[in-house]
Amino acid sequence: MEEGADSVKLYDQNNTLSERHIKADKNADERVPDQMWLRCPHCHQLLFAKQLTQYAVCPNCDYGLRIPARHRLSWLVDSFKEFDKDLQTKNPLHFPGYQEKISKLQRQTKLNDSVLTGEASINDQLFSLGIMDPTFIMGSLGTVTGEKITRLFEYATTHRQAVVLFTASGGARMQEGIMSLMQMAKVSQAINEHAAAGLLYIVVLTDPTTGGVTASFAMDGDIILAEPHALVGFAGRRVIEQTIHQQIPIDLQSAENILHHGFIDRIVKRQDEKKLLEWLLKTGSVANE
């Protein structure tokens, strides 16, 4: 086939990529939208983004992709009234660039920090809801996050409501130092007061739930659920291996392995969560009458 005036010659006489080919390749790349194709972190299946349902679940292995809090909210509940959306961190350690990073993420996520809290309902079952957002500094636990979750439990205790909390976190936020770690104890105390009032607390562990969140309120629930293949643990895999100087099993920190050892009550697919939560909330409310 003869080469036309506008055709692209892939290689020159020296068998190297031609300048015209590089330009054409760049133009083609610019026409492909970002996130058009995704690779499942668990089974490594290549996924066409437009074929994913609203639940953002891998059709091959049921792994739930990491999604923003408001995305989860859109299919989880029937109504929602947001709490404490104006709370702001004061950058207590004056960490360089931290305030700018927070401001940028606030614009992107429409959240003031890494958790969305409020009063929600599913089929007339009213409850207090918290959803941690892995797109906001990996759902890390800072002072505002801890304060919002604490206030959520205090509201639930006062109004005698169950609490449902979706966890997704890399742990305590390093930019806030010891003040971040203090949130673990503060939230746990609010949970203790909620439990003392005889009220139900349901946790749903999503990918990833690690660090100080796992070491505190993620494991304090009366009922602990988890999404398929969610990473759940305290220290990261590399930290563990560097500490004990040996490899750990690939599934050691998987939700399935933790279920096997009795720390999780049930693995629930994302598309089944709303129905299961409705049943649990209804059962809990009857038991509490």
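Every residue gets a Cβ built from N, Cα and C, even glycine.
In Swiss-Prot, the feature zinc finger is placed on 40-61, out of the ranges 40-61, 194-215.
Of the listed binding-site residues, namely C40, C58, the sparsest CB environment within 10 A is found at C40.
The 10 Å shell around the Cβ of C61 (Zn(2+) binding site) contains 14 further Cβ atoms across the protein chains shown.
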